[in-house]
Amino acid sequence: MSGRLRQAGGTPGPPPRSREQASRVDTASPSSDSALWHPHRRAFTAGLILVITLVAFEAMGVGTALPTIVADFHASQWYSWPLTVFLSASAAGTVLGGRVADTRGPAVPLLVALPSFAAGLLLAALAPGMAVLLVARVVQGLSGGVLIVSLYVMIARVYPERHRPAAFGALSAAWVVPALVGPLIAGLLTEHASWRWVFGGLAPLVCLGAGLLVPTLRRFGERGAEPAEARPRLPWAAVGAAVSVVALTWSAQQASLLALGVAVVGLVVLVPSLLRLLPPGTLRARPGLPVMVLARGLLAGLFFTAQAFVPLSLTVVHGFSASAAGLPLTVGSLGWSVGALWQSRQRRLRGEQIVAAGFCLVGTGVFALLQALPSWGAPWLVFVGWFVAGMGMGISVATTAVVVLSLSPEAARGFNSSALQISDMLGQALLVGAGGVVVSALATADAPTRGVLPLDLGLLVATLPAAVVLLRAGRVERV
């Protein structure tokens, strides 16, 4: 690592901080929130929240419109592919965007991705058939991945370090709101207007967000003074990860020997790709930055795997309606928002302590599921437990980003930010896929959810050692 870091304004900064200093999430200034809306940052903050909200809405709301889309195109056999290709392209875009942000500065990928995302939305809105829609979803996924990681790098440049927790808290809120209202809005548009408005209606707002961001890009988006590390095989690793995501997602939805073979091939391709896409030592939980990247993937995998089977269990076991069975997911999103707000204001705890607490809160939520989902359980516990689990995610996701940026030299912020996103995506894809295999293997005609409780028990057991590893990592100096 270079001996000195450049600050956002381009002047030499102090020496890089130790892991002990960098992992402390300190918002000692009481004006963290107001700092986001300082006159010099107001437009960027508004543009940041708007763009991330639009990306999140597109990722979450489109599922509501899919039944109507495939019916219009007479393409029921392609039902899951608009979601799958978006996720896969997002993985590739995250890696490539991080690389360009490190080598040429974050302004370049953002200025390409913003109009590309708008173009992908318009292409989807005008799509005459499923083939064109899938191309549009690839464009949206690539652009969305580039946008997110490049905005992470911009946050590190625009906001002083003590205000970054508040910035990432706002970023978390930008994901939570679409989770709460995105499916509802998409459903209303599909029912009363057309599914095409789910895509086309967002394009003008993307242009508005771009207009808010561009002035700040001119001031803070240039290439830094430190040369980025050469990573010649990174694009191939990104392609390998994207293909693996498609393979694993598809195979998790099938029950055949072919699907098993595809999953094995996907894993074989994925492992060497991960070694290039993640910081060295991530898979071994090396203290410092690597363990934070690993924690992000584990948290996402544990939380979303448990959540995936909550509506099914409430519907089959407790007789909930489809709408009522989805309410705990909304409650979890509210908990996520509360957790993100808390982490943006707390002043004392170290980063690994917050993330370890996040694992414990997610574990508490999973324990509540074990008491609520069986036929003898009290289903109301799901609502309490999943609010607590959502809080765990809210305090942890933003904190991992803050700590990783604090531990990153300027020339590696793009790579390390993309590693966080890749870890998050793959943690979900791998664990949700494995969870689906477990539930399917143990299901019977009379008890289709019989595998959910063993799965949740395994997830609960995994949270404790993860928290312990994080706390132990806090006692080791940065290498």
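Heads up, the Cβ atoms here are built off N, Cα and C, so glycines get one too.
The region 'Disordered' annotation in TrEMBL covers 1-34.
Annotation source TrEMBL lists compositional bias 'Polar residues' at 24-34.
Marked as transmembrane segment by TrEMBL: 43-66 (among others).
Annotation source TrEMBL lists domain 'Major facilitator superfamily (MFS) profile' at 44-475.
Residues 59, 62-63, 66-67, 69-70, 109, 113, 130, 133-134, 137-150, 153, 234-235, 237-239, 241-243, 245-246, 249-250, 253, 277, 414-419, 421-422, 425-426, 429 of the same chain sit 6 or more residues outside the transmembrane segment (78-98) yet have a Cβ under 8 Å from a Cβ within it. According to TrEMBL, the transmembrane segment annotation covers 78-98 (among others).
Residues annotated as transmembrane segment in TrEMBL: 110-136 (among others). Residues 51, 54-55, 58, 69-70, 73, 75, 78, 81-82, 85, 93, 97, 142-144, 146-147, 150-151, 154, 196-197, 199-200, 202-203, 206-207, 209-210, 213-214, 217, 221 of the same chain lie 6 or more positions beyond the ends of the transmembrane segment (110-136) yet place their CB under 8 Å from a CB of it.
Here TrEMBL flags 142-159 (among others) as transmembrane segment.
According to TrEMBL, the feature transmembrane segment maps to 195-214 (among others).
The transmembrane segment annotation in TrEMBL covers 234-252 (among others). For the transmembrane segment (234-252), the list of distant contacts is 80, 84-85, 87-89, 91-92, 95-96, 99, 259-260, 262-263, 265-267, 269-270, 272-274, 276-277, 422, 425-426, 429-430, 432-434, 436-437: same-chain residues at least six beyond its ends, Cβ to Cβ under 8 Å.
The feature transmembrane segment is assigned by TrEMBL to 258-277 (among others).
The annotation transmembrane segment is assigned in TrEMBL to 289-310 (among others). Long-range contacts of the transmembrane segment (289-310) within the same chain: residues 19, 278-283, 325, 328-329, 332, 351-352, 355, 358-359, 362, 365-366, 369, 373, 382, 386, 389, 392-393, 396-397, 400, 403-404, 407-408, 416, 419-420, 423-428, 430-432, 434-436, 439, 449, 452, 455-456, 459, 462-463, 466, 469-470, 473, each at least 6 residues beyond the stretch ends and with a Cβ under 8 Å from a Cβ of the stretch.
Residues or ranges marked as transmembrane segment in TrEMBL: 322-342 (among others).
The feature transmembrane segment is assigned by TrEMBL to 354-374 (among others).
What TrEMBL lists as transmembrane segment is 426-445 (among others). Note on the transmembrane segment (426-445): residues 87, 91, 241, 244-245, 248-249, 251-253, 255, 263, 270, 274, 296-302, 304-305, 308-309, 451-452, 454-455 of its chain, located 6 or more positions outside it, place their CB under 8 angstroms from a CB of the stretch.
Remote same-chain residues near the transmembrane segment (451-471) are listed as 285, 291, 295, 298, 302, 305-306, 309, 312-313, 352-353, 355-357, 359-360, 362-363, 366-367, 369-370, 373-374, 435, 438-443 (criterion: CB distance under 8 Å, separation of at least six residues from the stretch ends). The transmembrane segment annotation in TrEMBL covers 451-471 (among others).
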